[in-house]
Amino acid sequence: MQIEPQNKPPSLEKKKRAFKGRRLAGTLITFWAAIIVAAWFAVHRPFSVDALGISATTDIAAGVGRTLSDLLLLAAIATGAGASGFRLLAWLKIKEGATGLELALYAFGLGLGVEIFTILGLGLLGGLNKPVMYLLLLALILLNPRQSLQVIKGYQKLILKIWGWFLGAKWWERALALYLGIALAIPLTIGLAPVFSWDAIMYHLAAPKLYVQAGRIYNIFEMPPASYPFGIEMLYTWALTLQGDELAQTIHWLFMPLGGAAIWAFAKRFFTGLDEHNRQRAALLAVTLYFSVPHVQLLASWSYTDLLIAFYSLIGVHALLVAINSDDKPSWGYVAIAAVFAGLAFSGKYTAVTVAIAIVATGLYFALVTGRFKLSRYVGWGFLYGGIAFAVVLPWLLRNWFFTGNPVAPIFWGVNGWQPDEIAPIVGKGLGQSLSLEMVLGRPFKAAIFGSAGGAMDATISPLYLAFLPLTVWAAWREKVVAALLLNVGVQYFCWIAIIVSTAQLDHSRILLPTFPLLALATGYGLAILPSLKAAMLKTFAAFLLGIFLLGNLLNLGLWFAAADTAPYLAGLQTKEAFLNDILGSQIRAAHFVNTLPQDSYTFFLFEPRSYYFDRKVAPDLNGGEIFYFVDNQPTPEKMLADLKRRGVTHLLIWEAGLKFIQDNPDYAKPERAQAAVKLLGGLKTRYLTLLYEEKGQYSVYELG
């Protein structure tokens, strides 16, 4: 008899049934879990914060969506710039001998220039509207598909390369990398909030807003600063048309990482006196020195123009030195793009003409000390450089000549329709500093030690450039290119001295910001060679000093982030109205009132230069001293009233705090002139004005009788 085994293996049929049972159970559990979680989300919707007593699902989703769309559009603008720039580089045959990072920097520099002048052309033709601006963005990306893909892959490669380097870096290199990330992130988060910085709501964004409202670029008679070269303002105009002022502010931020990348590329190519390890050390230190300048961080969160100038200044030097080092035919292409970059730096402001001069001086010096100077070659280069740089500058001169009759309005020959003594304070005529040896030698110390945003020199800069100056001088003695960089700084510095001798209005160190990347490179080189000096105490102290400064700067960044309090707005927990009321307060309330006046009203400002949030036609007091024109030329209430009516003015806005500032600061206006202004205004108010709105000590709005 055959005995059956006790544990017979399950048949195939049983296995199938067991599998089906498990699958059914898994499916039922999946549905069960999905239903329970879906039911929970139906009651507790995403983006609602019950624990805080907030039910703002739509607002929070909109806020987060707005922030993400700003970042996406910024990336698209950068991608379009890079794509068009790579196409230009291919046409110029600039490829051989350049690294991927250098080509990318040249491409972004050229592409942003393409975008600037495309917006200028479309604006002059009346094409400032959403459909046209979005079509432009799509065209830059889709009409250059291969180049756009190259840019996108470049982003990916850069991230992976940085991550790979970070994993293999030393502890202090990782610490500096984390610092750089924070120094970039905090200005970006603040820049993503509504605009409130002084010059931005005075003209950097105020003029583009008027262009967008009109659908075209035109002569804004009431705003002479709109006649300045308006390069980055064209990008702001584009951003305002696409989305809003938050996107516009991030465009200026973009030039901070671009500047850092340009510093890195310069050090890696030209610091040939260092081995690869120390060259990388110098590059990292130089980027850190640049990013740690408090005013650079501040400007990155504002819609200004200075970081654009700094970026183009450095890559202009970079391209010209590459041309000098090159013996092959494509060298003329590097000269050409160096000239383009010099012209684009000028598109930031008139004073950036010193950048073009300094780039030429740097190139000539470098060619001489390296034995590469050839007269016949450099004469041809000179004509090429000058011709291209002037061609890039020419559109701004032609615009001004057509609009105002003065190619360099509002300086030198004024603006049609403005009295010479009325425009003079705006451009700073007759207010120059007296030239002295003490003034020339003392300015660097005053700027580095006493400089403060809104105070002395109107900028808080780093003390490290001055503190490590002996090391920088030693570096210049060792490396010819460092000496060339310091020559560039010297040329720009003495040009600035000449400027402030003619007008004290430009006596602030922000004018010298284009030299900061160059100083960072020279100082970074000096710090990188410290180990070779075999001075252990000096090396330790320099590291300690740098560490203490960076820790202090990190603390200030954290306090700035907390004080700005932009996180609730970015997350949709605070409305734009509430944010602006917290920051600008009385000005926003005055703007709301003026915006309720009749559509054909024309409000004349006294002591208030900022007009961005005013939607009616207004005439801002761009120097805060318009009253003194009336004191000198229309000294009675009757004459002042007649002058205002001749201009078509219907209402008068007075910033009482601005008037008080003039009364309390004899350096701004002599007491007798301030008293004459108060008397003239008092008579005008008593006899001819009707008070419509008043916030004590701040703003009052009157109707002309």
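Easy rule for this one: first residue shown is 1, then count along the chain.
Heads up, the Cβ atoms here are built off N, Cα and C, so glycines get one too.
Taking TrEMBL as the reference, the stretch among 229-245, 331-347 described by the feature transmembrane segment is residues 331-347.
Long-range Cβ contacts of the transmembrane segment (378-398) within its own chain (Cβ-Cβ under 8 Å, at least 6 residues beyond either end) map to 113, 117, 120, 229-230, 320, 323, 332, 335-336, 338-340, 342-344, 346-347, 356, 360, 364, 367, 407-408.
Among the listed stretches 251-271, 307-324, 331-347, 542-563, the one sharing the most Cβ pairs under 8 Å with the transmembrane segment (176-196) is 542-563. Note: the stretches the transmembrane segment (251-271) and the transmembrane segment (24-43) are not in contact (fewer than 3 CB pairs below 8 A, sequence gap of 6 or more). Spatially, the transmembrane segment (331-347) is not adjacent to the transmembrane segment (542-563); fewer than three Cβ-Cβ distances between them are under 8 Å for residues at least 6 apart in sequence. Using a Cβ-Cβ cut-off under 8 Å and counting only residues 6 or more beyond its ends in the same chain, the transmembrane segment (307-324) has close neighbours at 97-98, 102, 105-106, 109, 231-232, 252-253, 255-256, 258-259, 262-263, 265-266, 269-270, 296, 299-300, 331-332, 334-335, 337-338, 341-342, 344-345, 347-349, 352, 355-356, 358-360, 362-363, 366-367, 370, 372, 381, 385, 481, 484-485, 488, 513-518. Within its own chain, the transmembrane segment (542-563) is flanked in space by residues 176, 179, 182-183, 186, 189-190, 288, 292, 294, 297, 462-464, 467-468, 471, 527, 530, which lie at least six positions past its ends and keep a Cβ under 8 Å from the stretch.
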